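Novice: OK, TrEMBL features for this one:
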{"type": "DOMAIN", "residues": "26-443", "note": "domain 'Major facilitator superfamily (MFS) profile'"}
{"type": "REGION", "residues": "211-235", "note": "region 'Disordered'"}
{"type": "TRANSMEM", "residues": "25-44", "note": "transmembrane segment"}
{"type": "TRANSMEM", "residues": "64-84", "note": "transmembrane segment"}
{"type": "TRANSMEM", "residues": "91-116", "note": "transmembrane segment"}
{"type": "TRANSMEM", "residues": "122-143", "note": "transmembrane segment"}
{"type": "TRANSMEM", "residues": "150-177", "note": "transmembrane segment"}
{"type": "TRANSMEM", "residues": "183-200", "note": "transmembrane segment"}
{"type": "TRANSMEM", "residues": "245-269", "note": "transmembrane segment"}
{"type": "TRANSMEM", "residues": "289-309", "note": "transmembrane segment"}
{"type": "TRANSMEM", "residues": "321-342", "note": "transmembrane segment"}
{"type": "TRANSMEM", "residues": "348-372", "note": "transmembrane segment"}
{"type": "TRANSMEM", "residues": "384-407", "note": "transmembrane segment"}
{"type": "TRANSMEM", "residues": "419-439", "note": "transmembrane segment"}
Amino acid sequence: MATTSRAGTATTPLGREPWPPRARLIVFLLALYVMLAFGDKAILGLVGPRMMADLGLTNAEFGLVGSSFSLLFCVTAIGIGLLGNRVSPRWLLAGLAIVWAVAQLPVLLPVVGFAGLVGTRILLGAGEGPAVPLASHTAFTWVPIRSRALAATLLAVGGGAGVVVGAPLLMLAIQAYGWRAPFGILGVLGLIWAVGWLAVGGTGPHHYAAPGTTAGDAPSGSRVPPGTAAGAAGESPERVPYRRVFALSTWWGAVLAGFTVFWTLGLALTWLPTYLEEQAGYDPSTVSLLVGLPSIFSIVSILVAGMVADRLLRRGGSRRVAYGVVPAVAMIAGGIALVAMSRLGAGWPLLAAMTIAFSTGPALTPLTNAAIADVCPPAQRSGVLATAHAFATTGNVAAPFASGLVVDLAPTESVGFTAALDLAGVLLLAGAALAATTIRPDAHAARLAEPG
């Protein structure tokens, strides 16, 4: 039975405010946005063996193509993230989706070879660098504070769905039209999403409106805090020096733990299809289905971790446990599975280890995003989230090339893949320890509230 808050807003018995229809639509569109972003990332792994054979690439060169995606990822994530403090996400998110299309469509041309692929992947990465933190920041403006973990979880589910749904469909396109076709398909989908977002997207009522934001960016009847472009002039939301936020272990712990998660993600997106095809002996059609297993279970792990954290918080539990310890437990399981993976024969033992190895780490990101959002002032949230995401995703820069180099330098490819998986497992275990010990939003929110 619903109750009524002092402000007259209907709430559930557990105190969570229901989301209005437009908020649900916005979060759904943002989940689709993240879904497309992860589909873009998954393409390279799916086309890997055919691309390498067609263009005559070595493992290290193919790894360089994968790593080039993240070359400007960090730069644009920070730059656009800071811009997100001042410019409406309606325009920023649509612009980024258009950049994705511009980067993908040229790959359809047969003249685009190794150098062209590196260039287009750099441009694509530049467009996708700010995607997840900016989408998270935008979603947080549409939901109450208590619902941030749930909103972040739903966006993360979109990322998993991008691989689960996209991989089999993109593989069909590869088999029918060649390895270049999926790049064009996702480029067109990015343009379609941009048109839809421009029609309905914008800033929600649970955040200070950015300068230049109009009343039409927020739902009708929403209250806009003073000090914003849509509110009264002469006041401003509270801000703190960025150095104070970045000095908190909640922020840098999330960055370092996130680095280990993105390392495993970069390894999976670039090398897992090749490993399954060339080392485990699966045919390409089967591989396109198998690579979706970690993504399916990452959706489960993200949802379960999000629900556990949400339940802990609604019952008055510590945010340190909800946002740090809960994902750390999942990461420990993933680290152990990564080390075990190459030591198991092909078949169900390998598939079970692979699924656990690459599905548990993603539970970290939505919860640490919520932790950082709880700590930093709302007016700086976009920039702080984007900066954390930018540094964490350097794991994506290093993993594909480093793993390819390890495979090339090993006496055999089998030994090389074992070493690459072991390295990822050790890193993920270290990340779990960091998450459990450094994420402390309760204490750090209070610290930032003190005069600096």
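Note that Cβ sites are derived from N, Cα and C of the backbone, with glycine treated the same way.
Looking at the shown structure, can you explain where the listed features end up?
Specialist: Using a Cβ-Cβ cut-off under 8 Å and counting only residues 6 or more beyond its ends in the same chain, the transmembrane segment (64-84) has close neighbours at 41, 44-45, 51, 57, 92, 96, 114, 117-118, 121-122, 124-130, 133-134, 137, 210, 266, 269-271, 382-387, 389-391, 393-394, 396-401, 404.
With a cut-off of 8 Å between Cβ atoms, the residues of this chain six or more beyond the transmembrane segment (91-116) that come close are 30, 33, 36-37, 40, 55, 57, 61, 65, 80, 83-84, 123-124, 126-128, 130-131, 134-135, 138, 180-181, 183-184, 186-188, 190-191, 193-194, 197-198, 201.
Beyond the ends of the transmembrane segment (122-143), by six or more residues, the same chain brings 19, 22-23, 26-27, 30, 33-34, 37, 40-41, 68-77, 79-81, 84, 89, 92-93, 96-97, 99-100, 102-104, 150-152, 154-155, 159, 201, 203-207, 365-366, 369, 373, 381-382, 385-386, 388-390, 393 to within a C-beta distance below 8 angstroms of the stretch.
Beyond the ends of the transmembrane segment (245-269), by six or more residues, the same chain brings 41-42, 44-45, 66-67, 70, 291, 294, 324, 327-328, 331, 334, 338, 357-358, 361-362, 364-365, 368-369, 371-372, 375-376, 380, 384, 387-389, 391-400, 403, 420-421, 424, 427-428, 430-432, 434-435, 437-441, 444, 447-448 to within a C-beta distance below 8 angstroms of the stretch.
Beyond the transmembrane segment (289-309), the same-chain residues lying 6 or more positions past its ends with a Cβ under 8 Å from any Cβ of the stretch are 42, 45-46, 149-150, 152-153, 156-157, 159-164, 167-168, 268, 272-273, 276, 282, 322-323, 326-327, 330, 351, 354-360, 362-363, 366-367, 370.
Sequence-distant contacts of the transmembrane segment (384-407), counting only residues of its own chain at least 6 positions beyond either end whose CB sits under 8 Å from a CB of the stretch, comprise 58-67, 69-71, 73-75, 77-78, 80-82, 84, 129-130, 132-134, 136-137, 242, 245-246, 251, 254-267, 269-271, 365, 368-369, 372-373, 376, 413, 416-417, 419-420, 423-424.
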Novice: Determine which residues of the chain contact the transmembrane segment (150-177) at the Cβ level, with the cut-off under 8 Å and only residues 6 or more beyond its ends counted.
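Specialist: For the transmembrane segment (150-177), the list is 27, 30-39, 41-43, 46-47, 50, 132, 135-136, 139-140, 142-143, 185-186, 284-285, 287-289, 291-292, 294-296, 298-299, 302-303, 305-307, 310, 362-363, 365-367, 369-370.
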Novice: Looking at the transmembrane segment (183-200) and the transmembrane segment (419-439), are there 3+ C-beta pairs under 8 A, with each pair at least 6 apart in sequence?
Specialist: no
Novice: Could you pull out which residues elsewhere in the chain have a CB under 8 Å from any CB of the transmembrane segment (419-439), counting only those six or more residues past its ends?
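Specialist: Contacts with the transmembrane segment (419-439): 249-250, 252-254, 256-261, 263-264, 267, 271, 320, 323-325, 327-329, 331-332, 334-339, 341-342, 357, 361, 364, 368, 371, 399, 402-403, 406-407, 410.
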Novice: Averaging the per-residue pLDDT over the domain 'Major facilitator superfamily (MFS) profile' (26-443), what integer do you get?
Specialist: 84
